[in-house]
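**Student:** So Swiss-Prot lists the following for this protein:
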- C228, C231, C252, C255: Zn(2+) 1 binding site (BINDING)
- C243, C246, H265, H269: Zn(2+) 2 binding site (BINDING)
- 384-411: coiled coil (COILED)
- 223-279: zinc finger (ZN_FING)
Amino acid sequence: MDPSKQGTLNRVENSVYRTAFKLRSVQTLCQLDLMDSFLIQQVLWRGRSGESTETSISVQQLFQELRELFQRTGMGNAAQVHPRAPELTLSLLMAMFDRTGSGILKRQPVAAALVALSGDSPLTKYRAFFQLYAEKNRRGDDSQARMTRRVLRALLTDLQQIPTVVGESYTLRPVESAIHSCFRGVLSSGIKEEKFLSWAQSEPLVLLWLPTCYRLSAAETVTHPVRCSVCRTFPIIGLRYHCLKCLDFDICELCFLSGLHKNSHEKSHTVMEECVQMSATENTKLLFRSLRNNLPQKRQRVGAVGRQWLLDQLASRDSASHGPARLCLQYKCPKAPGYASSRRAVETAATGVLCQRPSPALQGNHNRHGQTIVNIKNELWRTRDSLNTLLRERRLLRKQLHRYKQKLQGTYALQEEQNCRFETKIRELTTNQDNLWTKLQQMRRDLQAMLQPLHPSSSPQTTASKIFHSLPDDGIRRGGDSSHIKRVTRDGPEWELLPNSAKVDRKHKCQASSGKALPDSEPQEIILQSTRKQNHPQKMLSKVHSSPSAHQQDTLQIPPTEVKIPAQTLSAGKEMESCSEKRNNLEDEELQALLPRLLDAFDLDSPTGLQPLMDMELYGRAQQVCRAFSVLVDQITLPTWSEEESRLKGPLV
């Protein structure tokens with residue numbers, strides 16, 4: 001190292017930063033920051049996985065391996081490797097581990113030194129240390145590797161040779177304290193890798209220079225857009241130190257390490273080290289944190305006081321040219337892969353025999369803040385009471401909310417039940433409506449079938465016998481005037497026949513008055529056909545009445561003995577007459593039962609409030625029924641009269 005540069009670095013008050021700056025200079029000079037721990041292990045331990053870790057190596061062999069190491073580093077890195085880098089590195093390693101000049105070095109300390117000065121993150125270096133020094137079990141299982149107290153002591157002792165080569169020596173006492181803190185609470189003889197990494201990341205004092213050197217290398221090109229409050233430099237390049245007590249107070253790296261401060265800022269204030277550029281949000285949070293620190297604190301930072309006292313004790317062991325260093329520092333560095341860095345104090349509290357009582361000045365400062373602490377505690381109790389009150393109110397509101405929610409759920413369930421009932425009723429009513437409509441259609445079909453002309457299965461003898469029985473016997477036997485028969489046939493109330501013109505005119509009047517055609521009305525052709533069928537028996541009757549003289553002549557020519565009808569023939573006629581009367585009574589009953597159904601069907605189709613239209617429609621349908629009955633009478637009367645006429649003519653002949 002250049003003596004002038006070394007003299008400049010010796011003016012740094014804090015020993016940790018002084019050691020880190022010196023090692024950073026050596027690292028840059030030898031270009032060791034271009035290496036990585038994986039490549040170092042691959043070159044130095046190539047083909048020696050089964051050999052002992054205590055293997056020695058000569059200086060010539062070490063030089064060849066260093067040349068190969070830098071050659072492979074230059075191939076994988078864009079930076080140009082200096083030709084003298086292997087020589088400088090060999091000289092550095094010999095100054096560390098071969099002070100007697102024997103020319104023989106151990107591989108394990110050499111590899112640990114190269115890993116410590118490489119460019120990897122601290123966590124990667126800690127893993128490499130464990131792999132180099134951990135003792136494996138008899139089966140050679142790497143997952144069961146352990147680090148014992150003896151191995152950890154050897155590791156820390158070898159790593160202590162690195163700051164010693166730059167004039168920063170450490171005693172053996174911090175090593176024993178570090179071992180005690182690492183194995184605190186451990187009952188076994190060794191620890192696993194997770195426990196070792198957790199302890200190393202807590203930054204023990206003996207290894208504090210290693211993460212500090214990494215932060216210095218990471219912040220060399222970082223620019224902070226703030227102005228130094230001491231030298232007024234803008235922007236700050238490198239490390240930035242922000243006071244957590246003073247408002248908007250930033251110090252550059254040079255002013256902080258030189259011990260330059262303003263009157264408003266004291267050295268006892270806690271400062272935070274920034275290795276990366278902070279965003280506007282983080283700066284705002286930092287400002288609020290400073291405001292919070294200016295308020296009365298809950299308790300005295302005894303841990304910070306102890307760390308400050310520890311730094312004073314360490315500074316007293318330095319050379320006489322260095323003054324006492326007092327620092328309480330927090331830092332923020334970039335998170336390297338696998339390395340979880342947090343804001344914490346750079347100097348951790350020492351354990352074991354180094355834990356002594358602080359100075360009387362610090363105790364007086366503690367007494368001055370005693371009353372303030374008591375007041376803050378009282379205020380804290382009042383705040384807790386208020387918080388408990390708020391919690392009780394919160395529980396009450398939650399109970400009310402739960403009660404209202406239950407009521408709402410009950411109302412919702414009731415509404416759902418009512419909706420289900422209504423839907424069931426709607427379905428039932430719809431089903432009933434469909435059934436009624438089906439019944440109505442069936443009744444319409446039945447009515448249409450009954451209004452059709454009578455099928456041949458119905459016997460016409462019933463009506464004929466009834467008509468024949470209703471005639472006066474004396475008129476037939478005496479051959480009286482047939483006008484009586486004609487009157488009974490045409491003037492009877494149930495056998496009244498209408499002319500074709502009257503029926504057609506009445507049908508047209510009904511259709512014009514109702515405004516719509518009847519759905520079940522028969523066509524006009526069927527009505528005319530039925531009218532023609534009615535005229536046929538009328539013509540036959542007129543022919544019978546038109547020839548009374550011939551009939552009388554035939555009657556006068558019959559002898560008295562032949563006019564008498566036998567008693568057997570009369571008894572058979574009476575039986576036929578009684579059967580016909582029974583059938584007529586059954587037909588009358590069927591017609592009387594059909595009439596109410598017909599009226600009900602008409603009532604279902606008729607809309608409310610339209611009584612005239614309903615009357616006209618009912619009148620039209622009644623006409624259809626009358627016409628159908630007329631057709632039925634015509635079909636029955638004609639064959640009956642023909643049969644009776646043949647019966648009457650038989651005895652006469």
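Including glycine, each Cβ sits where the backbone N, Cα and C put it.
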**Student:** Identify which of the binding-site residues C228, C243, C246, C252, C255 has its Cβ surrounded by the largest number of other Cβ atoms within 10 Å, counting every protein chain shown.
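**Tutor:** Within the set of binding-site residues, the most crowded position is C252.
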**Student:** Provide, as an integer number of angstrom, the distance between the C-alpha atoms of C252 (Zn(2+) 1 binding site) and C243 (Zn(2+) 2 binding site).
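**Tutor:** About 11 Å separate the Cα atoms of these two residues.
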**Student:** Could you tell me the mean pLDDT the prediction assigns to the coiled coil (384-411)?
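**Tutor:** In the predicted model, the coiled coil (384-411) has a mean pLDDT of 89.
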**Student:** Quick check: which same-chain residues outside C228, C231, C252, C255 lie with their CB within 8 A of the centre of the Zn(2+) 1 site CB atoms?
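**Tutor:** After dropping the recorded site residues, what remains is S229, V230, R232, T233, I236, I251, E253, L254, F256, L260.
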**Student:** Would you mind listing, in sequence order, the residues at least six apart from C231 (Zn(2+) 1 binding site) in the same chain with a Cβ closer than 8 Å to its Cβ?
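**Tutor:** In sequence order, C252, L254, C255, L260 meet the Cβ cut-off.
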**Student:** Name them in sequence order: residues not among C243, C246, H265, H269 whose Cβ is within 8 Å of the mean position of the Cβ atoms defining the Zn(2+) 2 site.
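**Tutor:** Checked against the 8 Å cutoff, the neighbours are L244, K245, F249, H261, S264, E266, V271.
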**Student:** H265 (Zn(2+) 2 binding site) to C228 (Zn(2+) 1 binding site): how many Å between their Cα atoms?
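**Tutor:** For H265 (Zn(2+) 2 binding site) versus C228 (Zn(2+) 1 binding site), the Cα atoms are 13 Å apart.
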**Student:** Can you tell me how the residues of the zinc finger (223-279) break down into helix, strand and coil by DSSP?
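**Tutor:** Result for the zinc finger (223-279), in helix, strand, coil order: 6 helix, 15 strand, 36 coil.
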**Student:** From the Cα of C228 (Zn(2+) 1 binding site) across to the Cα of C246 (Zn(2+) 2 binding site), what is the distance in angstrom?
**Tutor:** 13
**Student:** Would you count the other CB atoms within 10 A of the CB of H265 (Zn(2+) 2 binding site), including those on all shown protein chains?
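**Tutor:** That number is 16.
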